[in-house]
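Read through the structure below, which is laid out as C-alpha coordinates, and then see the notes.
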Amino acid sequence: MLQMPSKQPISAGIVIVAAGRGERAGSSKEGPKQYRMIGGKPVIVHTLENFMTWEAATEIVVVIHPDDEALFARAFRHIISATPIETVHGGATRQQSVLAGLRYLKDKQISHVLIHDAVRPFFDHALLDRIAESLDAGAQAVLPAIPVTDTLKRADNAGTVLTTVSREHLYAAQTPQSFAFETILEAHEKAAASGRSDFTDDASIAEWLGIPVTIVEGTADNVKLTVKDDIAMADDKLSASLLPDVRTGNGYDVHQLVAGDGVTLCGVFIPHDQKLKGHSDADVALHALTDALLATCGAGDIGDHFPPSDPQWKGAASRIFIEHAARIVRERGGTIMNADVSLIAEAPKVGPHRDAMRAKLSDYLGIDIERCSVKATTNETIGFVGRREGIAAIATATVVYRGRK
(Lines of atoms letter the chains of each structure in order from A and count residues from 1; the text may use other names and numbers.)
(Lines give C-alpha, C1' and ligand atoms only; values in the text may rest on other atoms or scores of the structure.)
Protein backbone atom coordinates (compact mmCIF):
# COMPACT_ATOMS: atom_id res chain seq x y z
CA MET A 1 0.00 0.00 0.00
CA LEU A 2 1.46 3.36 -1.04
CA GLN A 3 1.57 6.18 1.47
CA MET A 4 0.44 9.70 0.67
CA PRO A 5 3.23 12.16 -0.02
CA SER A 6 4.87 13.51 3.12
CA LYS A 7 3.81 17.02 4.18
CA GLN A 8 6.27 17.38 7.05
CA PRO A 9 10.07 17.21 7.17
CA ILE A 10 11.03 13.58 7.31
CA SER A 11 11.76 11.74 10.53
CA ALA A 12 14.17 9.06 9.44
CA GLY A 13 15.08 5.74 10.90
CA ILE A 14 18.41 4.33 9.79
CA VAL A 15 19.07 0.63 9.21
CA ILE A 16 22.78 -0.15 8.91
CA VAL A 17 23.38 -3.63 7.56
CA ALA A 18 26.50 -5.05 9.24
CA ALA A 19 25.86 -8.78 9.56
CA GLY A 20 27.93 -9.91 6.58
CA ARG A 21 31.05 -12.04 6.83
CA GLY A 22 33.03 -10.13 4.16
CA GLU A 23 34.76 -13.25 2.84
CA ARG A 24 36.02 -11.51 -0.31
CA ALA A 25 38.03 -9.12 1.84
CA GLY A 26 40.03 -12.02 3.28
CA SER A 27 40.54 -12.99 6.89
CA SER A 28 41.77 -10.54 9.51
CA LYS A 29 42.28 -10.59 13.26
CA GLU A 30 40.10 -7.46 13.34
CA GLY A 31 37.14 -9.52 12.13
CA PRO A 32 34.81 -8.93 9.16
CA LYS A 33 35.55 -5.92 6.97
CA GLN A 34 33.06 -3.63 8.74
CA TYR A 35 35.31 -3.84 11.81
CA ARG A 36 38.62 -3.29 9.98
CA MET A 37 40.51 -0.15 10.92
CA ILE A 38 40.73 2.74 8.45
CA GLY A 39 41.97 6.14 9.53
CA GLY A 40 42.36 4.88 13.09
CA LYS A 41 38.73 3.76 13.48
CA PRO A 42 36.67 0.75 12.43
CA VAL A 43 34.87 1.14 9.10
CA ILE A 44 31.49 0.90 10.81
CA VAL A 45 32.33 3.81 13.11
CA HIS A 46 32.97 6.14 10.16
CA THR A 47 29.59 5.08 8.74
CA LEU A 48 27.77 5.62 12.03
CA GLU A 49 29.35 9.02 12.62
CA ASN A 50 28.06 10.28 9.28
CA PHE A 51 24.49 9.36 10.22
CA MET A 52 24.77 10.48 13.85
CA THR A 53 25.47 14.06 12.78
CA TRP A 54 22.60 14.21 10.25
CA GLU A 55 19.71 16.10 11.80
CA ALA A 56 16.92 14.06 10.18
CA ALA A 57 18.14 10.80 11.76
CA THR A 58 16.05 10.02 14.83
CA GLU A 59 16.68 6.29 15.32
CA ILE A 60 19.62 4.12 14.25
CA VAL A 61 19.58 0.33 14.33
CA VAL A 62 22.66 -1.66 13.40
CA VAL A 63 22.01 -5.21 12.22
CA ILE A 64 24.94 -7.38 13.30
CA HIS A 65 25.88 -11.04 13.16
CA PRO A 66 25.19 -12.91 16.43
CA ASP A 67 28.90 -13.75 16.66
CA ASP A 68 29.92 -10.08 16.46
CA GLU A 69 28.56 -8.76 19.77
CA ALA A 70 32.05 -8.28 21.22
CA LEU A 71 33.39 -6.75 17.99
CA PHE A 72 30.59 -4.21 17.87
CA ALA A 73 30.94 -3.38 21.57
CA ARG A 74 34.64 -2.74 21.01
CA ALA A 75 33.94 -0.54 17.99
CA PHE A 76 31.17 1.29 19.84
CA ARG A 77 33.70 2.68 22.30
CA HIS A 78 34.74 5.08 19.54
CA ILE A 79 31.21 6.50 19.33
CA ILE A 80 29.69 9.48 21.10
CA SER A 81 26.09 9.86 19.91
CA ALA A 82 23.01 11.83 20.88
CA THR A 83 20.96 9.72 18.44
CA PRO A 84 19.73 6.41 19.90
CA ILE A 85 21.73 3.48 18.51
CA GLU A 86 20.55 -0.10 19.01
CA THR A 87 21.57 -3.47 17.62
CA VAL A 88 19.60 -6.47 16.42
CA HIS A 89 20.80 -9.79 15.07
CA GLY A 90 20.69 -10.36 11.33
CA GLY A 91 19.75 -13.43 9.34
CA ALA A 92 21.43 -15.71 6.84
CA THR A 93 20.98 -13.22 3.98
CA ARG A 94 21.12 -9.46 3.59
CA GLN A 95 17.40 -9.47 2.86
CA GLN A 96 16.64 -11.21 6.17
CA SER A 97 18.92 -8.81 8.02
CA VAL A 98 17.20 -5.75 6.58
CA LEU A 99 13.80 -7.14 7.57
CA ALA A 100 15.07 -7.64 11.13
CA GLY A 101 16.09 -3.98 11.25
CA LEU A 102 12.78 -2.81 9.81
CA ARG A 103 10.80 -4.86 12.33
CA TYR A 104 12.78 -3.28 15.15
CA LEU A 105 11.82 0.20 13.90
CA LYS A 106 8.14 -0.70 13.50
CA ASP A 107 7.05 0.88 16.78
CA LYS A 108 9.27 3.94 16.46
CA GLN A 109 7.89 7.31 15.46
CA ILE A 110 9.47 7.54 12.02
CA SER A 111 8.05 8.43 8.63
CA HIS A 112 10.86 7.12 6.44
CA VAL A 113 13.83 4.79 6.57
CA LEU A 114 17.28 4.79 5.00
CA ILE A 115 18.89 1.36 4.52
CA HIS A 116 22.66 1.46 4.21
CA ASP A 117 25.59 -0.92 3.86
CA ALA A 118 27.96 -0.58 6.82
CA VAL A 119 30.93 -0.87 4.45
CA ARG A 120 30.08 2.32 2.55
CA PRO A 121 31.65 4.93 4.86
CA PHE A 122 32.27 7.68 2.29
CA PHE A 123 28.81 9.16 1.76
CA ASP A 124 28.16 12.75 2.80
CA HIS A 125 25.33 14.88 4.16
CA ALA A 126 24.75 16.44 0.75
CA LEU A 127 23.71 13.00 -0.53
CA LEU A 128 21.48 12.43 2.50
CA ASP A 129 19.86 15.81 1.96
CA ARG A 130 19.14 15.03 -1.70
CA ILE A 131 17.47 11.81 -0.61
CA ALA A 132 15.45 13.63 2.05
CA GLU A 133 14.27 16.25 -0.44
CA SER A 134 13.03 13.55 -2.80
CA LEU A 135 11.25 11.69 0.00
CA ASP A 136 9.75 14.90 1.33
CA ALA A 137 8.43 15.65 -2.15
CA GLY A 138 6.47 12.40 -2.03
CA ALA A 139 8.75 9.74 -3.50
CA GLN A 140 8.04 6.30 -2.06
CA ALA A 141 11.46 4.86 -2.91
CA VAL A 142 14.70 6.73 -3.57
CA LEU A 143 17.87 5.21 -4.98
CA PRO A 144 21.23 7.02 -5.11
CA ALA A 145 23.04 5.96 -8.26
CA ILE A 146 25.71 7.08 -10.68
CA PRO A 147 25.79 6.57 -14.46
CA VAL A 148 27.93 3.64 -15.59
CA THR A 149 31.08 4.99 -17.25
CA ASP A 150 33.10 1.83 -17.89
CA THR A 151 32.65 -0.06 -21.14
CA LEU A 152 30.55 -3.15 -20.42
CA LYS A 153 31.13 -6.55 -22.00
CA ARG A 154 28.97 -9.68 -21.91
CA ALA A 155 30.99 -12.93 -21.98
CA ASP A 156 30.32 -16.66 -21.95
CA ASN A 157 31.40 -19.11 -19.25
CA ALA A 158 34.79 -19.52 -20.89
CA GLY A 159 35.48 -15.80 -20.66
CA THR A 160 35.03 -15.08 -24.35
CA VAL A 161 33.41 -11.73 -25.11
CA LEU A 162 30.02 -12.10 -26.78
CA THR A 163 29.02 -8.47 -27.15
CA THR A 164 29.50 -4.94 -25.89
CA VAL A 165 26.60 -3.72 -23.77
CA SER A 166 25.32 -0.19 -24.26
CA ARG A 167 25.84 2.06 -21.23
CA GLU A 168 22.85 4.20 -22.14
CA HIS A 169 20.40 4.47 -19.23
CA LEU A 170 22.55 2.19 -17.06
CA TYR A 171 23.27 3.21 -13.47
CA ALA A 172 25.32 1.72 -10.64
CA ALA A 173 23.11 1.52 -7.55
CA GLN A 174 24.39 2.70 -4.17
CA THR A 175 23.07 3.00 -0.64
CA PRO A 176 21.46 4.40 1.44
CA GLN A 177 18.33 3.27 -0.36
CA SER A 178 15.45 5.12 1.17
CA PHE A 179 11.72 4.61 1.48
CA ALA A 180 8.46 5.59 3.08
CA PHE A 181 8.69 3.31 6.10
CA GLU A 182 5.40 1.44 5.90
CA THR A 183 5.88 0.95 2.16
CA ILE A 184 9.21 -0.87 2.42
CA LEU A 185 8.25 -2.80 5.55
CA GLU A 186 5.19 -4.18 3.78
CA ALA A 187 7.28 -4.96 0.68
CA HIS A 188 9.87 -6.88 2.69
CA GLU A 189 7.18 -8.79 4.60
CA LYS A 190 5.54 -9.80 1.32
CA ALA A 191 8.86 -10.92 -0.14
CA ALA A 192 9.55 -13.04 2.95
CA ALA A 193 6.05 -14.55 2.89
CA SER A 194 6.41 -15.47 -0.79
CA GLY A 195 9.71 -17.23 -0.21
CA ARG A 196 11.63 -14.80 -2.43
CA SER A 197 15.16 -14.39 -1.13
CA ASP A 198 17.08 -13.54 -4.30
CA PHE A 199 16.80 -9.74 -4.22
CA THR A 200 20.21 -8.08 -4.23
CA ASP A 201 19.04 -4.75 -2.87
CA ASP A 202 15.97 -3.14 -1.34
CA ALA A 203 15.03 -1.14 -4.42
CA SER A 204 14.62 -4.46 -6.25
CA ILE A 205 11.94 -5.49 -3.76
CA ALA A 206 10.11 -2.21 -4.33
CA GLU A 207 10.35 -2.75 -8.11
CA TRP A 208 8.94 -6.28 -7.69
CA LEU A 209 5.79 -4.80 -6.18
CA GLY A 210 5.51 -2.08 -8.79
CA ILE A 211 6.54 0.74 -6.48
CA PRO A 212 8.19 3.56 -8.48
CA VAL A 213 11.85 4.06 -7.60
CA THR A 214 13.30 7.55 -8.04
CA ILE A 215 17.01 7.99 -8.76
CA VAL A 216 18.94 10.81 -7.13
CA GLU A 217 22.54 11.66 -7.93
CA GLY A 218 24.97 9.45 -6.02
CA THR A 219 28.65 10.15 -5.52
CA ALA A 220 31.73 8.47 -6.94
CA ASP A 221 33.25 8.35 -3.45
CA ASN A 222 30.36 6.30 -2.06
CA VAL A 223 31.97 2.97 -2.88
CA LYS A 224 31.39 -0.34 -1.16
CA LEU A 225 34.51 -1.76 0.47
CA THR A 226 34.53 -5.31 -0.86
CA VAL A 227 38.04 -6.75 -1.21
CA LYS A 228 41.24 -6.37 0.79
CA ASP A 229 42.65 -3.72 -1.54
CA ASP A 230 39.53 -1.60 -0.99
CA ILE A 231 40.29 -1.48 2.74
CA ALA A 232 43.88 -0.40 2.11
CA MET A 233 42.80 2.29 -0.37
CA ALA A 234 40.18 3.58 2.08
CA ASP A 235 42.81 3.88 4.79
CA ASP A 236 45.10 5.78 2.42
CA LYS A 237 42.20 8.04 1.38
CA LEU A 238 41.38 9.03 4.94
CA SER A 239 45.02 9.58 5.83
CA ALA A 240 45.54 11.85 2.82
CA SER A 241 42.29 13.82 3.15
CA LEU A 242 43.16 15.70 6.32
CA LEU A 243 46.01 17.79 7.62
CA PRO A 244 46.56 15.84 10.83
CA ASP A 245 46.50 17.47 14.24
CA VAL A 246 48.87 15.08 15.99
CA ARG A 247 49.33 15.56 19.72
CA THR A 248 51.49 13.75 22.24
CA GLY A 249 50.79 13.60 25.96
CA ASN A 250 53.04 12.40 28.76
CA GLY A 251 52.17 11.07 32.19
CA TYR A 252 54.13 10.06 35.27
CA ASP A 253 53.04 8.31 38.44
CA VAL A 254 54.60 6.54 41.39
CA HIS A 255 53.14 4.42 44.18
CA GLN A 256 54.67 3.11 47.36
CA LEU A 257 55.23 -0.62 47.86
CA VAL A 258 54.11 -2.17 51.15
CA ALA A 259 53.75 -5.73 52.39
CA GLY A 260 51.10 -7.62 50.43
CA ASP A 261 50.31 -10.39 48.00
CA GLY A 262 50.70 -8.80 44.57
CA VAL A 263 50.52 -5.74 42.33
CA THR A 264 48.17 -4.73 39.52
CA LEU A 265 49.90 -3.22 36.50
CA CYS A 266 48.07 -2.33 33.26
CA GLY A 267 45.07 -4.18 34.67
CA VAL A 268 47.00 -7.45 35.17
CA PHE A 269 47.43 -8.86 38.68
CA ILE A 270 50.95 -10.17 39.34
CA PRO A 271 51.54 -12.24 42.50
CA HIS A 272 54.30 -10.70 44.62
CA ASP A 273 55.30 -10.34 48.27
CA GLN A 274 54.40 -6.65 48.16
CA LYS A 275 51.49 -4.54 46.96
CA LEU A 276 51.11 -0.96 45.77
CA LYS A 277 49.60 1.47 48.23
CA GLY A 278 46.98 3.87 46.93
CA HIS A 279 43.45 5.20 47.24
CA SER A 280 42.27 3.15 44.24
CA ASP A 281 43.81 -0.14 43.10
CA ALA A 282 47.08 1.81 42.71
CA ASP A 283 47.70 0.68 39.12
CA VAL A 284 50.60 3.04 38.55
CA ALA A 285 50.78 2.21 34.82
CA LEU A 286 47.15 3.04 34.06
CA HIS A 287 47.36 6.20 36.17
CA ALA A 288 50.31 7.47 34.15
CA LEU A 289 48.60 6.60 30.87
CA THR A 290 45.37 8.29 32.00
CA ASP A 291 47.32 11.52 32.54
CA ALA A 292 49.01 11.13 29.15
CA LEU A 293 45.65 10.84 27.38
CA LEU A 294 44.16 13.80 29.23
CA ALA A 295 47.23 15.86 28.35
CA THR A 296 46.57 15.53 24.62
CA CYS A 297 43.44 17.68 24.92
CA GLY A 298 44.29 19.84 27.92
CA ALA A 299 41.76 18.08 30.14
CA GLY A 300 43.68 18.28 33.40
CA ASP A 301 44.97 15.24 35.22
CA ILE A 302 43.62 12.16 36.92
CA GLY A 303 43.28 13.97 40.26
CA ASP A 304 40.93 16.54 38.72
CA HIS A 305 38.55 13.83 37.53
CA PHE A 306 38.95 11.32 40.36
CA PRO A 307 40.05 13.18 43.52
CA PRO A 308 41.76 10.90 46.07
CA SER A 309 39.72 12.68 48.73
CA ASP A 310 36.48 11.27 47.24
CA PRO A 311 35.55 8.03 49.04
CA GLN A 312 33.70 6.63 46.02
CA TRP A 313 37.05 5.93 44.34
CA LYS A 314 38.53 4.01 47.29
CA GLY A 315 39.67 0.66 45.93
CA ALA A 316 38.31 1.48 42.45
CA ALA A 317 39.64 -0.37 39.43
CA SER A 318 41.86 1.94 37.37
CA ARG A 319 40.13 0.66 34.24
CA ILE A 320 37.44 3.21 35.13
CA PHE A 321 39.99 6.03 34.93
CA ILE A 322 41.63 5.03 31.66
CA GLU A 323 38.32 4.43 29.87
CA HIS A 324 37.05 7.80 31.15
CA ALA A 325 40.11 9.53 29.70
CA ALA A 326 39.73 7.70 26.38
CA ARG A 327 36.09 8.77 26.22
CA ILE A 328 37.03 12.43 26.77
CA VAL A 329 39.59 12.18 23.97
CA ARG A 330 36.95 10.82 21.58
CA GLU A 331 34.35 13.39 22.62
CA ARG A 332 36.84 16.06 21.59
CA GLY A 333 37.42 14.48 18.20
CA GLY A 334 40.54 12.47 18.95
CA THR A 335 41.63 9.07 17.66
CA ILE A 336 44.11 7.23 19.87
CA MET A 337 46.98 6.07 17.68
CA ASN A 338 49.51 4.74 20.17
CA ALA A 339 49.93 4.10 23.89
CA ASP A 340 53.34 3.45 25.44
CA VAL A 341 54.05 2.62 29.09
CA SER A 342 57.48 2.27 30.71
CA LEU A 343 57.52 0.66 34.16
CA ILE A 344 60.44 1.25 36.51
CA ALA A 345 60.70 -1.45 39.16
CA GLU A 346 63.16 -3.90 40.68
CA ALA A 347 60.39 -6.47 41.11
CA PRO A 348 58.18 -8.17 40.14
CA LYS A 349 59.34 -9.16 36.67
CA VAL A 350 57.14 -7.61 33.99
CA GLY A 351 58.38 -9.57 30.97
CA PRO A 352 56.26 -12.71 31.48
CA HIS A 353 53.13 -10.54 31.72
CA ARG A 354 53.86 -8.02 28.96
CA ASP A 355 51.56 -9.51 26.33
CA ALA A 356 48.67 -9.75 28.80
CA MET A 357 49.22 -6.10 29.72
CA ARG A 358 49.23 -5.03 26.08
CA ALA A 359 46.01 -6.97 25.53
CA LYS A 360 44.40 -5.11 28.44
CA LEU A 361 45.46 -1.73 27.06
CA SER A 362 44.10 -2.71 23.66
CA ASP A 363 40.79 -3.63 25.26
CA TYR A 364 40.51 -0.53 27.45
CA LEU A 365 41.41 1.89 24.66
CA GLY A 366 39.68 0.11 21.77
CA ILE A 367 42.78 0.12 19.59
CA ASP A 368 44.83 -2.61 17.96
CA ILE A 369 47.31 -4.38 20.24
CA GLU A 370 50.12 -3.41 17.86
CA ARG A 371 49.52 0.19 18.94
CA CYS A 372 50.07 -0.71 22.62
CA SER A 373 53.56 -0.95 24.10
CA VAL A 374 54.66 -1.98 27.60
CA LYS A 375 58.31 -1.87 28.63
CA ALA A 376 60.11 -2.29 31.94
CA THR A 377 63.48 -1.46 33.43
CA THR A 378 65.07 -1.47 36.85
CA ASN A 379 66.63 1.50 38.61
CA GLU A 380 69.92 -0.37 39.11
CA THR A 381 69.28 -0.52 42.91
CA ILE A 382 69.44 3.30 43.07
CA GLY A 383 66.89 5.44 44.91
CA PHE A 384 63.48 4.48 46.28
CA VAL A 385 62.77 2.23 43.29
CA GLY A 386 66.14 0.54 43.69
CA ARG A 387 65.39 -0.06 47.36
CA ARG A 388 62.06 -1.65 46.36
CA GLU A 389 60.10 1.05 48.15
CA GLY A 390 57.95 1.89 45.13
CA ILE A 391 57.19 1.48 41.43
CA ALA A 392 57.17 4.33 38.92
CA ALA A 393 55.61 4.57 35.47
CA ILE A 394 56.11 6.90 32.53
CA ALA A 395 53.48 6.89 29.76
CA THR A 396 53.16 8.52 26.37
CA ALA A 397 49.98 8.74 24.30
CA THR A 398 49.77 9.79 20.66
CA VAL A 399 46.38 11.07 19.53
CA VAL A 400 45.29 12.45 16.17
CA TYR A 401 42.53 15.04 16.42
CA ARG A 402 40.28 16.00 13.55
CA GLY A 403 42.37 17.98 11.13
CA ARG A 404 41.52 20.44 8.39
CA LYS A 405 40.65 19.51 4.81
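Using the three backbone atoms N, Cα and C, a Cβ is placed for every residue, glycine included.
Here is what Swiss-Prot says about this protein:
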BINDING   Asp253, His255, His287  divalent metal cation binding site
BINDING   Asp253, Val254, His255, His279, Ser280, Asp301, Ile302, Gly303, Thr377, Thr378, Asn379, Glu380, Phe384, Arg387  4-CDP-2-C-methyl-D-erythritol 2-phosphate binding site
REGION    1-246  region '2-C-methyl-D-erythritol 4-phosphate cytidylyltransferase'
SITE      Arg24  site 'Transition state stabilizer'
SITE      Lys33  site 'Transition state stabilizer'
SITE      Arg167  site 'Positions MEP for the nucleophilic attack'
SITE      Lys224  site 'Positions MEP for the nucleophilic attack'
SITE      His279  site 'Transition state stabilizer'
SITE      Thr378  site 'Transition state stabilizer'
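The maximum pairwise C-alpha distance among Asp253, Val254, His255, His279, Ser280, Asp301, Ile302, Gly303, Thr377, Thr378, Asn379, Glu380, Phe384, Arg387, the residues recorded as binding 4-CDP-2-C-methyl-D-erythritol 2-phosphate, is 30 Å.
Each residue contributes its Cα atom, and for Lys33 (site 'Transition state stabilizer') and Ile302 (4-CDP-2-C-methyl-D-erythritol 2-phosphate binding site) those atoms are 36 Å apart.
Each residue in the region '2-C-methyl-D-erythritol 4-phosphate cytidylyltransferase' (1-246) has a pLDDT score, and their mean in this model is 90.
The subset of recorded positions (Lys224, His279, His287, Thr378) lying with their Cα within 10 Å of the Cα of Ile302 (4-CDP-2-C-methyl-D-erythritol 2-phosphate binding site) consists of His287, given in sequence order. Note: the divalent metal cation site is recorded as Asp253, His255, His287; in the same chain, Val254, Leu276, Gly278, Ala282, Asp283, Val284, Ala285, Leu286, Ala288, Ala392, Ala393 also have Cβ atoms within 8 Å of that site's Cβ centroid.
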